[in-house]
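S.K.: If you look up Swiss-Prot, you'll see G286, K287, S288, G289, I290, G291, K292, S293 marked as ATP binding site, on the strength of sequence analysis. Positions annotated as compositional bias 'Basic and acidic residues' by Swiss-Prot: 142-152. Sequence annotations record features per position, and here Swiss-Prot assigns compositional bias 'Polar residues' to 173-182. As annotated by Swiss-Prot, domain 'Pyrin' applies to 57-148, with the evidence given as sequence analysis. Residues annotated as region 'Disordered' in Swiss-Prot: 142-232. What Swiss-Prot lists as repeat 'LRR 1' is 704-727. Summarising the annotation, Swiss-Prot assigns repeat 'LRR 3' to 780-803. Residues or ranges marked as repeat 'LRR 4' in Swiss-Prot: 809-832. The repeat 'LRR 5' feature in Swiss-Prot is assigned to 836-863. Residues or ranges marked as repeat 'LRR 6' by Swiss-Prot: 865-892. The feature repeat 'LRR 7' is assigned by Swiss-Prot to 893-916. Per Swiss-Prot, repeat 'LRR 8' is recorded for 950-973. Annotation source Swiss-Prot lists repeat 'LRR 9' at 979-1002. If you look up Swiss-Prot, you'll see 1007-1034 marked as repeat 'LRR 10'. According to Swiss-Prot, the repeat 'LRR 11' annotation covers 1036-1059. Swiss-Prot lists 1064-1092 with the feature repeat 'LRR 12'. Marked as repeat 'LRR 13' by Swiss-Prot: 1121-1142.
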Amino acid sequence: MKVAGGLELGAAALLSASPRALVTLSTGPTCSILPKNPLFPQNLSSQPCIKMEGDKSLTFSSYGLQWCLYELDKEEFQTFKELLKKKSSESTTCSIPQFEIENANVECLALLLHEYYGASLAWATSISIFENMNLRTLSEKARDDMKRHSPEDPEATMTDQGPSKEKVPGISQAVQQDSATAAETKEQEISQAMEQEGATAAETEEQEISQAMEQEGATAAETEEQGHGGDTWDYKSHVMTKFAEEEDVRRSFENTAADWPEMQTLAGAFDSDRWGFRPRTVVLHGKSGIGKSALARRIVLCWAQGGLYQGMFSYVFFLPVREMQRKKESSVTEFISREWPDSQAPVTEIMSRPERLLFIIDGFDDLGSVLNNDTKLCKDWAEKQPPFTLIRSLLRKVLLPESFLIVTVRDVGTEKLKSEVVSPRYLLVRGISGEQRIHLLLERGIGEHQKTQGLRAIMNNRELLDQCQVPAVGSLICVALQLQDVVGESVAPFNQTLTGLHAAFVFHQLTPRGVVRRCLNLEERVVLKRFCRMAVEGVWNRKSVFDGDDLMVQGLGESELRALFHMNILLPDSHCEEYYTFFHLSLQDFCAALYYVLEGLEIEPALCPLYVEKTKRSMELKQAGFHIHSLWMKRFLFGLVSEDVRRPLEVLLGCPVPLGVKQKLLHWVSLLGQQPNATTPGDTLDAFHCLFETQDKEFVRLALNSFQEVWLPINQNLDLIASSFCLQHCPYLRKIRVDVKGIFPRDESAEACPVVPLWMRDKTLIEEQWEDFCSMLGTHPHLRQLDLGSSILTERAMKTLCAKLRHPTCKIQTLMFRNAQITPGVQHLWRIVMANRNLRSLNLGGTHLKEEDVRMACEALKHPKCLLESLRLDCCGLTHACYLKISQILTTSPSLKSLSLAGNKVTDQGVMPLSDALRVSQCALQKLILEDCGITATGCQSLASALVSNRSLTHLCLSNNSLGNEGVNLLCRSMRLPHCSLQRLMLNQCHLDTAGCGFLALALMGNSWLTHLSLSMNPVEDNGVKLLCEVMREPSCHLQDLELVKCHLTAACCESLSCVISRSRHLKSLDLTDNALGDGGVAALCEGLKQKNSVLARLGLKACGLTSDCCEALSLALSCNRHLTSLNLVQNNFSPKGMMKLCSAFACPTSNLQIIGLWKWQYPVQIRKLLEEVQLLKPRVVIDGSWHSFDEDDRYWWKN
């Protein structure tokens, strides 16, 4: 087909994946030939992790040694290098230069050892060093690997190098020319190279297979002893012929030489790690179309040729789920026989050693939802069962548990797979490299006259680059970019979001080519809607492969099918022409989203339900659990309602698109902002990605109008881009938490895209995106709190962030880095402290600080422009010298009001300079947190002395220190003095008992300042509480909040507490969680609650051993009490009958309860309905298992 400007958009152009991997797609009913030649970079997910990188120059031996070295952590690897330097310096024959060892990473070091020592000595030296480091497990693993990777037979050693280009089907001299030509980026030369490669591959295939068979001879001879060597050879010969032909058909085997590092990586995929874990299942996961199936097939071929798993597996069987599903019932025996050359497989002999079998299950996603319908398992490999039962049984190691598995699955299917698979190792398959992606977009997607401008546009569009990892999507994007470059006939939207690019492709393919009209007629629109309906039902049912019945149900006949083939949207399956798939899953998601828009044309806009028979309403997506497999459909739906895409859609359809869909999507996002407690970080991030697809600033602003606080997990570049775009249009945002992980390269000197011209290499792509994100944070007019807890930031990232937060317009008052990894760039923070006059609170909890860091911090705090009021240095690994510096700040900083050193080894020695500072009249500190600091009674003596003279300190936390009764006695003596200003005292888990309570009771008698006391997790027992109650009944005691969690209390103390509840005019909160009060104890408390004089507003009865027997008394008390607003009843054993009584009390008009701690799921449906009715009757009531307070920040001051 041709468009204006002479642009040729034939089938070959459509699927030209990259300069190095050209493939073609025919327009007739033949195979869809997808380009699936992924690079296999270092990236693993889930348990257990192994780090991998590949290099074309690595031999199996050096790669095996590299695998062992990757087992070392950073410190161990440095130790290994030091020991190697020592050994090398002592050697008189082969010494490696010291500087080369010092500068080598894992890959280089493995190569250096092989270069200077040779394979055998390299392994022996490494094993010796492992033993010196006392790494016995790794040493044993290395010995096993040495035997496999460094055989004595020199010919075998050559075989282990991996096949040469002359010995692999489809690899020839032309491929080398093709690789060189690709670098020159000339389409004509690339085409010539591909033609030459095709001819050469055809001429040499027979010779290469023969050579591979000769190579296999030695291996076959070794297995002959097992009694079926001939059978093995026949099977391998059959596999080589079959899979070599498949690779040749796909035209994707020209990169085999470059892919050999993948094979080397997979060679060790089943090896034990340093902890002794050895998986029997390896999962290859990645994006749809990334090349997982191609890699799986290549594994089979590589094994058959003798290059992989020799000596480990006698047989490797390829089980494509899609083809297996065609039979209602089968057995493992039948599947094996079907793969055998003459269908007469020696099954008994094969199954006699299951530990030498490898099954490759390709396409776990193709099972769809069938696994949800049946949980049956099978143990007999000869028994006939539905294919999904056999697959589940293999995955769960019920069937042939000793065998090994490789499973391919899309990223979106990994969560479902995790519930089926047993102890797997996950390996991520990533697509083509950044350099290849840029080449692809420059050569295929941008006109020659736009190269310079286009390169800058590509570099700025990280989403576009990221999606081009998948060759099929990259091909589609290239065509779309070309369409957008054409002016005139094309109706493509000028929008470079993925929705815009997919729309450019699909709308162009659907547009009639006639001169008279450019829009679809009614009949064509009906066909389009039917087709899109099939797509949407496939999305919801997790179905991506369709058969004739699916087409028939939707009323799609042969003529419509031919049209879809011609448009390269729906294609015959590459493995079976009776089935049909979309060119890529993203096209199915796009068409599914388009269905909702088409449906709205036939219904009044205000009533548009976005509903089909087997799907969910658009507004029910959140409530129904919009699973990850349908995320892109939702994102495309948002993109379709944007102005840039809607206008060309209206041209195509020949009628206006109603706005009902847009209004419902707007409402869905708004709901997330209105219910922040019910919104997960993933929900918010998903909404941001959806909004990003619209590129409509006004729409985004309206959607985010209700958002005041957000939590975003930033795990990839696209998350950062979408978040940056949305947050700058979030008008009332006040608090944000961002967990940034995995987006910054470990080696900051590494260039992300070497193909980029030198004049554009001043910053990496991610640095530019991060700078934009930080600029938004620094200039947002309403943002007051930034939490980067758990983030991993490099030195450059920290420098950029801090530079933006120093901006005069930055309004941030609270900056939090709790448990963040920012040590390399922490020095940049102190300039913010001095420059940003709005910053009031800084939390560095969990950040390791050196003495120099603390010195710089103290210098910043001394600066006259510093107005910091709160500093948290929890668990920062501080030393005694640090406390000396910090104590000096307490006497010189007029602004610092709160200091936390929790989790540091302050000890009694460190408390002394801090106490000295507190005694100085210039000290303005009000809150001091010394939780878990190793303080004893000796340190209490210093603190007690400071409390006497200090007039400012009102909050003191000494929890989790071994103070004992003696230490508390010293503190209480000071607290009894009139000059002590202490108001809140935390003594949780300080080894206090009844005697300690006696000292505290004496202190309370003469202290009118203390209002909050926490004694949780101390064995004070009933007698201790009774001593406190004696004082609390007195009007002179002003205690408002008493925490007695897990204090070994029983019903014996409840009468005393009840008396306090009824008589005290000050006690507002009492927490008795995790004490064995029982029904009798609570009944006694209820007597106090029923008294009119009770002012208690908050009562904690979690895990107090309550049953339905106390519900009557509790209900009566709740009905009478008008002050109690918060009640925690979690983890108690109430029957439905008892809960019905409580629900009646909750709903009573005289009850003022607003926060009720209960696990709804713990009770039957009828009780859950009653609780929901309470919330409908009283909308302000919160019923939740996570009991909280309206004054969380104030109540838990020592935590925030």
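Backbone N, Cα and C atoms are what each Cβ position is placed from, and that goes for glycine too.
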S.K.: Helix, strand or coil for G286 (ATP binding site)? Use DSSP.
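M.R.: Assignment for G286 (ATP binding site) reads strand.
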S.K.: With DSSP as the yardstick, break the repeat 'LRR 11' (1036-1059) down into helix, strand and coil residue counts.
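M.R.: Secondary-structure composition of the repeat 'LRR 11' (1036-1059): 9 helix, 4 strand, 11 coil.
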S.K.: What is the total of other Cβ atoms whose distance to the Cβ of G289 (ATP binding site) is within 10 Å?
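M.R.: The answer is 24.
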S.K.: Tell me, by DSSP, whether G291 (ATP binding site) is helix, strand or coil?
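M.R.: SS state of G291 (ATP binding site) = coil.
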S.K.: So which residues does the repeat 'LRR 13' (1121-1142) touch in its own chain, when a touch means Cβ under 8 Å and the partner is 6 or more beyond its ends?
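M.R.: 1071, 1073, 1089-1090, 1094-1109, 1111-1112, 1114-1115, 1150-1159, 1163-1164, 1166-1167, 1170, 1185, 1187, 1189.
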S.K.: Averaged across the repeat 'LRR 8' (950-973), what pLDDT does the model get? Just tell me the whole number, please.
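M.R.: Reported value for the repeat 'LRR 8' (950-973) is a mean pLDDT of 96.
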S.K.: Counting only residues 6 or more past its boundaries, what in the same chain has a CB within less than 8 Å of a CB in the repeat 'LRR 7' (893-916)?
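M.R.: Cβ under 8 Å, 6 or more out: 841, 845, 861-862, 866-878, 880, 883-884, 886-887, 922, 924-936, 938-939, 942-943, 945-946, 955, 957, 1198.
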S.K.: Is the repeat 'LRR 8' (950-973) packed against any residues at least 6 beyond its ends, judged by a Cβ distance under 8 Å, and which are they?
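M.R.: Residues 898, 902, 918-919, 921, 923-937, 939-941, 943-944, 979, 981-993, 995-996, 999-1000, 1002-1003, 1009, 1014, 1197-1198 contact the repeat 'LRR 8' (950-973) from elsewhere in the chain.
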S.K.: Which sequence-distant residues neighbour the repeat 'LRR 4' (809-832)? Criterion: at least 6 residues beyond either end, Cβ under 8 Å.
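M.R.: Result: 777-799, 801-803, 838-849, 853, 856-857, 859-860, 872, 874.
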S.K.: If you count other C-beta atoms within 10 angstroms, which of the binding-site residues G286, G291 is the most crowded?
M.R.: G291
S.K.: Using a Cβ cut-off under 8 Å, which residues of the same chain at least 6 positions beyond either end of the repeat 'LRR 6' (865-892) come close to it?
M.R.: 818, 833-835, 837, 839-849, 851, 854-855, 857-858, 898-906, 909-910, 913-914, 916-918, 920, 922-923, 925, 927, 929
S.K.: Counting by DSSP secondary structure, give me helix, strand and coil numbers for the repeat 'LRR 12' (1064-1092).
M.R.: 12 helix, 4 strand, 13 coil
